[in-house]
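Asks: Handing you this structure, nothing more for now.
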Amino acid sequence: MGAVLSAAVCCRAADGGGGGSGDSEYQPLLGDRERRAVASLVRLFENDTRISFYDGEALRALTVLAQSNVHHLQLSAATAFSEISEYDVRAVSREALGPILYLLQSAYPDVQQGAALALGNLAGVAENKRLVVEMGGLELLVRQMLSPSTDAQINSVGCITNLAADEQNKLAIARSGALVPLTRLARSRDARVQRNATGALLNMTHQAELRRLLAEAGAVAALASLLDAADQETQYYAITALSNIAVDAAGRAALWDAEPELVPRLLQTLAAPRIRIQAQAALTLRNLASDDRYQRAVVEHGGLDALAPLLRSSYAALVVSAAACLRNVSIHPGNEAPIVAAGLVPELMDLALQADQPELQCHAVAAVRNLAANSDTDKQALVDAGLFDRLRTVLTAKDTHGSVLCEAAAALSVLALSDQLWRPVVELGFCRLLVRLLRSRHAETEHSACLALGTLAGRAQPEVFEELLRVWRQPGGAGLRDFLVRAVGHADYAASPVRPVAVWVIMALLSSGRADVRRAIADDTRLIAAVAAIGHAAPPPHAGPGAAPPPPPSSWALLPSILGAKAAGAAPEPDADADADADVSDCATAVDDSRAPGDQRMRALARQIVAAVGGPAPRGD
């Protein structure tokens, strides 16, 4: 490499760019500093093959050439920096970046292009990304993007793409005026410019504020126009960027307005020849389907027929993406009948048993839960497809992932709400499995399991109370009573959403009016003391066996009161990925508990419980 650079410097120094044929014609144009810099570089090239160009004598010489007014000396410096940065990429100093940024302001396009290429190579290093921005490189690169030269556009946009990979740079890039030219270049006829510009836009889609600015710059329509790009990398970048934009409601609204045919075009992309493009298209549809109008649009445009073969693919990532999409599509009540008619319920049931793929299991179980949550529809198709057998297998398997247990608990909380499906939950022994989930020490799983048990108790059916009495005490502190004592009294649950549900479960049990249920609660001094502490009331004296309970309150009415939210019939919140590689970590439940329960509501309910078991009149707040 040293010999190549040496030849470039010597040849260009001798040629001078003026068309002369000899050194004698060019030599007078060089100043003393320039002549010494050229001589120094030639000597270094000839004598030191391990030379570093980012510091010391070599950098000083290249800096002199960069600051020269002679075209070919500037070009020699730009060429040297671009070639060096191809094989020696590392964190560099401000002194090393300075001459490159100076060359980017050259009057000569070929010098600018070489400098932009060098800057783009060095911008692959995290420390350099931030340094380029700090030193004002963004404004220079934006100017390069406006150049009519294709090479200048490729190199400058490539550098912006690398800079945008750093979270700290993103907002600075947006404020530099880069978004409008990036959007324009995403529509370039040159495939290389298109690819680089689309990659830069993709890197700018990971923050809500940036997504808003992209929409204002017209980037949404530009990205949508690239769904069928001939270059597969460009196509993948565009689909992934749209997926990220679809993460929030504002982005989905912008997509709905900018591209009315987005859903059918994405569905066509599901048949693309590359697996990762298919998978990303499915994930984009999944994010879009966080809104009900997109949920319906996917079905109306034949999305179920397009997704069905993906569920049977031999490629795990593709199956996961399709199942994730179907999970959100299944939220819309109007989609249940088409999903059943398409024969997808048995497919989902089978996927729910894929223990080696917990993410896939989560999506499959969640989709089934969504279908069960839809009201006023026939649930027999779920039962016929083996709903309860599949849930039992998931809950009893030793290697079931915690995230899948969370989804299964949420599914049971939905089934407990169903007038058609709550009875099999009790008769098939799921109460015992729900109590086992109460020991998971995972807040969302405990919350859903506790909610399911309270919902069953709220039905005030004799078989429910008999089953709950069977699981009230279990060996080794594994019974429902032990969980309630822990959830109501332990400090770990003080700020947890599990505690108000646990308090509500106790009241739901008392609402039975049964002496045996009341006695099980009233005789447990630890439990009642913990409840009394919540209500700021003194624990009651031990109730005698002949004590008559007061009239029980309505437990169904108490659920929204204690949670501060709607009690039943709500579909789970849809989920969305922040980007192509994001993990699914949220587990929605059948009850929207987004608002924290009020302490006053919980204390009031605790005082009602104390009074219901025969305690003294509670003190006020």
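Cβ atoms here come from the backbone N, Cα and C positions, even for glycine.
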Asks: Need the matching range: TrEMBL marks region 'Disordered' on one of 23-56, 567-600, and I'd like to know which.
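Replies: It is 567-600 that TrEMBL annotates as region 'Disordered'.
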Asks: By DSSP, how many residues in the repeat 'ARM' (343-386) are helix, how many strand, and how many coil?
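Replies: Going through the repeat 'ARM' (343-386) residue by residue, I get 29 helix, 0 strand, 15 coil.
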Asks: On the 0 to 100 pLDDT scale, where does the repeat 'ARM' (136-178) sit on average?
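Replies: It averages 92.
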Asks: Per DSSP, what is the residue count of the repeat 'ARM' (136-178) in each of helix, strand and coil?
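Replies: Its residues fall into 32 helix, 0 strand, 11 coil.
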